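*Asks:* Sequence annotations record features per position, and here TrEMBL assigns Mg(2+) binding site to A:Glu72, A:Asp92, A:Ile94, A:Asp95, A:Asp214.
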There are 2 protein chains.
Amino acid sequence: MVNSETLERFDQKVQELLWSARKQTIELMNTPLKVDTKSSANDLVTNVDRQNEQLIRKRLLEIDPSARIVGEEESFNHKIDPDLNGNVWIIDPIDGTLNFVKQRDHFAIMVALYCDGVPTLGYIMDVMNKRLYHAWRGHGAYVNKLRLKEPANSSLADSLIAINGWQLIKNHCHQQEIAQQAAGLRMYGSAGIEIIHVLNGQLGGYTSRLKPWDIAAGMVIAEELGLLVKTIDDQPLNVLSSNTVLVATKKVCQDIWQITK
Amino acid sequence: MVNSETLERFDQKVQELLWSARKQTIELMNTPLKVDTKSSANDLVTNVDRQNEQLIRKRLLEIDPSARIVGEEESFNHKIDPDLNGNVWIIDPIDGTLNFVKQRDHFAIMVALYCDGVPTLGYIMDVMNKRLYHAWRGHGAYVNKLRLKEPANSSLADSLIAINGWQLIKNHCHQQEIAQQAAGLRMYGSAGIEIIHVLNGQLGGYTSRLKPWDIAAGMVIAEELGLLVKTIDDQPLNVLSSNTVLVATKKVCQDIWQITK
């Protein structure tokens, strides 16, 4: 168990850490990128992903020496320990690396803390828009210093939604029908950026197959705003495995589960 | 024929007009929107579309009393006169109205001048990012006062591309195969915003079924930057009819035409 004073200190220090990681990212964008591929030609990693992960790991261990850290770049080729006991920090040093490389925009840096399995602290840094979305479970969700309001509980027919392109083409879990029942379809190419649009009420929902570092931070912030984070067929989420995740308003979830169940 | 001095005066005045239209849009966003539907539940028009079109029409007629004006809201229910003789101004007072209503972001205001059928002046105002993309044929393309460079001539495999969601689901013109050959798929929901990403080299191409007001301005700016604007199956574009348009690098066009022809 982590007490409230400790979480308040963590929250303060991790916000500072995210602004440092943003600064490092902007500086490195002015130098030539080193780009490598991982599982496929379009699964990229750059020196910035690696340097951000190093910076975040180092600082997290200073802030919380008991931290167990699951980071995209170090964990990518390893089986993730499914144990959620204690303080598990989950980090994505650059979310939307393909956007980062091809667009120099529409990417994020994400950090989350799960305490004994409970989503507790979440941070999504929208680097180019200079906006840090953050939440401490039970203490409200914010963008920079502004408190976010709960988005309206819109229905699927009244909402724009985001769906992963490859899953849509394969019509995974009836996603073409979901898209056709929505007001419109969007794809931004970064889980963090897509979840930010749900937090702001600009999308009614977002679904994609996601790894732990893609969803951990968004789950904390979304739940704090009354949004649901489940699987696309209404199963509870195990944050340390891969799932086809749905982050959406309650009404959008109900409308989608009528299609997928 | 319009001489160069006249076009220079037009260009100056129309840039001022776009900034006025942006100002009016931002002011009206702070008052309740009046939203009506057009052809379907998700084909929207607001008081802002109508008031912007009125403002732009009135000012264009002051700037160019010979103007024939094709605007989305007045032309929507009418057959468009296919005559391109003289000065034809084509305007989209809010491009991406669904984004404007649901997201308050990711929409544009667009104006173009075709002189005896020649794409001559083009303007895309990215309202929320405060960026006016503009070109005068033969005189370079700019964002605000900064001259744009020609984007790299990337191939489809090396590019992110944007495709209209409904056409993708129906696999119109082999679009699913096109998407699968690209590095990634994006959908922003506004032709203006999607074309801006192609101008900036952030997308290698964009395809969608477009009306005259969706493509007229983008065509001027894209051609000025060495991009191609044709139909998805390599036919020349008639700007006053509806087409499945492709705005892309030369290499992306060649790669896509191999699939569609």
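Even glycines carry a Cβ here, placed using N, Cα and C.
Since we're looking at a predicted model, the values are computed, not measured.
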*Asks:* What other residues of this chain sit with their CB within 8 A of the center of the CB atoms of A:Glu72, A:Asp92, A:Ile94, A:Asp95, A:Asp214, the recorded Mg(2+) site?
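*Replies:* So the additional residues around the site are A:Asp49, A:Ile91, A:Pro93, A:Gly96, A:Thr97, A:Ala108, A:Ile109, A:Met110, A:Ala191, A:Gly192, A:Trp213.
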*Asks:* Kindly assign A:Asp95 (Mg(2+) binding site) to one of the three DSSP-derived states: helix, strand or coil.
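*Replies:* For A:Asp95 (Mg(2+) binding site) - judged by DSSP and reduced to three states - the answer is strand.
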*Asks:* Most Cβ neighbours within 10 Å: which of the binding-site residues A:Asp92, A:Asp95, A:Asp214 is it?
*Replies:* A:Asp92
*Asks:* Give me the non-local Cβ neighbours of A:Ile94 (Mg(2+) binding site): same chain, 6+ apart in sequence, Cβ-Cβ under 8 Å, ordered along the sequence.
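*Replies:* Correct list: A:Thr25, A:Thr46, A:Val48, A:Asp49, A:Asn52, A:Phe100, A:Phe107, A:Ala108, A:Ile109.
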*Asks:* Specify the count of other C-beta atoms within 10 Å of the C-beta of A:Glu72 (Mg(2+) binding site).
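*Replies:* Within a 10 Å radius of the Cβ of A:Glu72 (Mg(2+) binding site) lie 23 other Cβ atoms.
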